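If you check TrEMBL, you get these features:
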type: TRANSMEM; residues: 46-67; note: transmembrane segment
type: TRANSMEM; residues: 79-98; note: transmembrane segment
type: TRANSMEM; residues: 110-133; note: transmembrane segment
type: TRANSMEM; residues: 139-159; note: transmembrane segment
type: TRANSMEM; residues: 171-190; note: transmembrane segment
type: TRANSMEM; residues: 196-220; note: transmembrane segment
type: TRANSMEM; residues: 287-309; note: transmembrane segment
type: TRANSMEM; residues: 339-360; note: transmembrane segment
type: TRANSMEM; residues: 398-420; note: transmembrane segment
type: TRANSMEM; residues: 426-445; note: transmembrane segment
type: TRANSMEM; residues: 457-481; note: transmembrane segment
type: TRANSMEM; residues: 493-512; note: transmembrane segment
């Protein structure tokens with residue numbers, strides 16, 4: 001990678017040049033070049049930009065909530081080595097996105113990039129499809145984060161009242177959805193504060209994730225009375241999944257979902273660029289550092305927890321004290337077996353819960369900036385309303401829109417968990433499709449015309465880009481495969497249905513209406 005002076009600096013009005021020079025920040029001038037006036041407060045450092053993406057990736061969130069999936073499909077080998085494989089290719093995707101972000105540092109992020117890279121003829125359609133996959137994927141991410149926190153709170157209450165085998169309180173699905181709604185309300189309220197407050201919370205969240213991982217990865221194996229051997233952690237492959245799947249390659253592929261689901265959301269650094277100082281440099285740094293540090297910290301967390309795994313069937317059993325929530329059972333039993341009480345395990349779950357709370361908060365922040373930018377270009381219904389910012393330069397209406405939609409998406413869980421899982425599957429596949437589209441345009445239609453910003457991959461840009469696109473295409477197919485046999489309406493993997501439905505709606509709305517009025521990103525300078 002190479003850092004160099006931007007090649008696409010065009011002539012700017014004198015007052016814009018003076019503002020940029022006086023502040024020592026190129027972000028305001030670069031945004032003007034891209035056709036937008038500064039409406040959001042540019043107050044974030046590179047650390048704050050990094051913190052938003054790192055908090056959304058949140059290894060404590062993804063690994064904890066999907067550890068069951070890893071144990072079911074392959075066990076330790078799938079979890080430990082699958083993380084490294086998914087991490088490597090996620091970093092490849094991240095490098096390609098960082099290069100494009102450096103050239104186009106706007107809150108619109110992916111959809112703006114697609115418009116500029118696809119060329120004038122394809123720009124409106126490329127922008128439309130990328131934008132809707134991005135924003136719906138982000139809403140699905142927020143839905144899954146806060147719903148998983150609501151479920152974890154329910155498990156903590158269950159364990160705190162005696163556990164499933166001790167007459168503990170098991171909350172109904174209506175209580176869980178009420179907790180989910182309350183969490184979204186808190187997150188929307190926090191995101192109504194000025195960006196300086198969110199910057200502070202973001203940095204606290206990043207520190208909490210790192211410290212929390214180190215505490216848990218050391219504490220849990222130390223407290224556990226029974227520990228797994230290194231041979232078990234690095235070589236045991238669980239094929240007894242009860243899902244009718246015996247092929248080891250197939251099992252390992254399904255186990256990758258835990259890792260790939262966790263390593264999402266780093267586009268937040270791009271969506272926060274209009275509020276970041278020296279965004280064409282610090283935005284890319286935020287993306288890459290968030291992924292890289294998450295891979296390292298996450299692997300440590302995985303190893304620490306897996307060394308406390310000794311009985312996979314018991315951890316996955318719905319009849320254990322945690323009701324089948326594997327990591328909760330690990331924490332609870334580790335303390336109960338040593339001290340006679342599982343209170344310490346519940347406190348450890350509280351550490352995870354705080355990390356998930358921060359994750360949901362940062363996710364709403366990213367959602368709202370994407371909705372703000374997308375509506376600024378007229379792509380959303382009632383765009384003028386969602387695009388408004390308040391006196392604190394916060395897109396308040398977009399904040400509350402994101403929270404309301406995340407709540408509505410979770411309502412599907414009341415009818416069927418299968419339908420809910422299909423909905424949130426867009427959080428992984430739909431979001432990664434949005435990541436891949438501008439990269440695809442970068443290595444095809446814009447291969448010769450692309451002008452990099454200060455951060456560039458140089459001659460390796462096309463190779464890295466194609467690798468990223470092929471990886472996304474691969475996981476899109478693999479994560480759409482059946483996860484259980486025989487296939488029934490209860491066991492069917494509805495991911496291709498959900499993602500295909502979003503694709504049909506997006507293209508259908510384009511053909512029937514949007515192609516007549518949506519022109520892609522439009523300048524608001526002078527408006």
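Note: Cβ is positioned from N, Cα and C throughout, glycine not excepted.
No curator has checked TrEMBL annotations; they are predicted automatically.
The transmembrane segment (110-133) makes contact with the transmembrane segment (493-512), as judged by at least three Cβ pairs under 8 Å among residues 6 or more apart in sequence. Contact between the transmembrane segment (171-190) and the transmembrane segment (79-98) does not hold: fewer than three of their C-beta pairs are under 8 Å, each pair 6 or more apart in sequence.
Taking pairs at least six residues apart, the transmembrane segment (426-445) and the transmembrane segment (139-159) share three or more Cβ pairs below 8 Å and count as touching. Listed by sequence, the residues of this chain that lie at least six past the ends of the transmembrane segment (339-360) yet keep a Cβ under 8 A from its Cβ atoms are 55-56, 58, 60-61, 64-65, 142, 145-146, 148-149, 152-153, 155-156, 159-160, 163, 183-184, 186-187, 201-202, 204-205, 208-209, 212, 215-216, 219-220, 223, 321, 327-328, 330-333. Same-chain neighbours of the transmembrane segment (139-159): 56, 61, 64-65, 168-171, 175-177, 179-180, 183-184, 187, 264-265, 321-323, 325, 328, 332, 342, 345-346, 349-350, 352-353, 356-357, 359-360, 363-364, 367, 402-403, 405-407, 409-410, 413, 420, 423-427, 430-431, counting only residues six or more beyond its ends whose CB sits under 8 Å from a CB of the stretch.
Contact check: the transmembrane segment (196-220) against the transmembrane segment (46-67) gives at least three Cβ pairs closer than 8 Å, residues 6 or more apart, which meets the contact criterion. The stretch from 46-67, 79-98, 398-420, 457-481 that makes the most Cβ contacts under 8 Å with the transmembrane segment (287-309) is 79-98. Residues 1-2, 89, 92-93, 95-96, 99, 250, 253-254, 256-257, 260, 425, 428-429, 432-433, 435-436, 439-440, 442-443, 447, 450, 493, 495-496, 499 of the same chain, all 6+ positions outside the transmembrane segment (457-481), place their C-beta atoms under 8 angstroms from a C-beta of that stretch. Outside the transmembrane segment (46-67) by six or more residues, the chain places 79, 141, 145, 148, 151-152, 199, 202-203, 205-206, 209, 212-213, 216, 257-259, 261-269, 272-273, 276-278, 281-283, 285-287, 289-291, 293-294, 297-298, 301-302, 305, 326-327, 351-352, 355-356, 358-359, 361-363, 365-366 with a CB less than 8 A from a CB of the stretch.
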